[in-house]
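Copied from Swiss-Prot, the annotated features are:
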BINDING   Ile57, Val58, Gly59, Gly60, Ala61, Gly62, Lys63, Thr64  ATP binding site
Amino acid sequence: MLARWLQRQWFDQRRRQPALWLLLPLAWLYAGLSALNRLLAKPKHLPVPVIVVGNIIVGGAGKTPLTLWLARQLRDRGWRPGIVSRGYGRSGDEVRTVSAQSRPEEVGDEPLLLARRSGVPVWVGRHRAVAGEALLAAHPEVNVLLCDDGLQHYALARDVELVVFDVRGAGNGWRLPVGPLREPVSRLASADAVICNGQPETLLPTATPSFEMSLKPGLFYRVDVAGQSASAESLRDRGRLYALAGIGNPERFFRTLESLGLSCETRPFPDHHRYVAADLAFAKDGILLMTEKDAVKCAGMTAGETWVLPVQAELSPALIDLIVEKLRGRQVA
């Protein structure tokens, strides 16, 4: 409840709750600790180029679809990528490989989705440089690493930084917890590219090359019946529709369903939420729709008809051209 209240204050410019300013001392403390963390970090350089995908705001902005797009584009251009991630929400911090059969509570929901969708090696670890070393030892053919959600992990040296936003932009422009920013907007000046998931409500004040990303919905597929797919049109008149989302910005998923003509009773959950069967009981008399990230955690829990909506990132090829040019510069150096 508190997290949702804060997000409304951060991103709705019409809301100016005086209570928010009581958190200013915490914002100054957070900013100071963040600066100290970056100052004290000793970046570890890996033997292959590293592309970091992250954001300076809290919550989901589309990093995972972008990482999948990058893996696919790099492979198409002859590169052999691997992916490292912390694996938020998992039970341990140890370095380990992620396979399609891994358990989400052991590796994290996003790394598991990346392993199932990307077709490239995926490893997780609290210390991404150590995870990267383990991945490279196990897969010596890998010649570029993607670090998912690693912008603030300064212990890992990087060659390319990609910063992701969604249509909400930088919100009220304040640091946590007064606003949604992990780092100041001025941080964008040192990034290689800014990617906005959708048309931003306000332009970001940066001269860094910017690219728009759109998430194209695919066909729904059944969680409990392999190989069965359906269009949004075919689901409209099938019965009562419900939707859940435990992602950084659940409303984005619910708006996508609306854009497909699907009217649903919605249920948001916190990002990286660990589902239990009772969480899905609200949809027992109808059809439940969810994201792919939620589906990897709900296997075996669904009592009724459950469908998943996959999405695929679409971006200008100019972005991958920019990235490949920088990677080749690293090889020459």
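Cβ coordinates come from backbone N, Cα and C, glycine included.
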Cβ-Cβ distance under 8 Å to Ile57 (ATP binding site), same chain, at least six residues away: Phe165, Arg168, Ala170, Gly171, Pro180, Leu181, Arg182
Cβ packing number for Gly60 (ATP binding site), 10 Å threshold: 23
Per DSSP, three-state class assigned to Gly62 (ATP binding site): coil
For the ATP site built from Ile57, Val58, Gly59, Gly60, Ala61, Gly62, Lys63, Thr64, further residues of that chain with CB within 8 A of the site's CB center: Asn55, Val164, Asp166, Gly248, Asn249
Which listed residue (Gly59, Gly62) has most other Cβ within 10 Å, given these are binding-site residues: Gly62
Chain-internal residues near Thr64 (ATP binding site), provided their CB is under 8 angstroms and they sit 6+ positions away: Glu110, Leu113, Leu114, Asp148, Lys293
Cβ neighbours within the same chain of Ala61 (ATP binding site) - under 8 Å, at least six residues apart: Asn55, Val164, Phe165, Asp166, Asn197, Gly248, Asn249
Cβ neighbour count (within 10 Å, all chains shown) around Lys63 (ATP binding site): 23
Tertiary neighbours of Val58 (ATP binding site) (same chain, Cβ under 8 Å, six or more apart): Leu176, Pro180, Arg182, Gly248
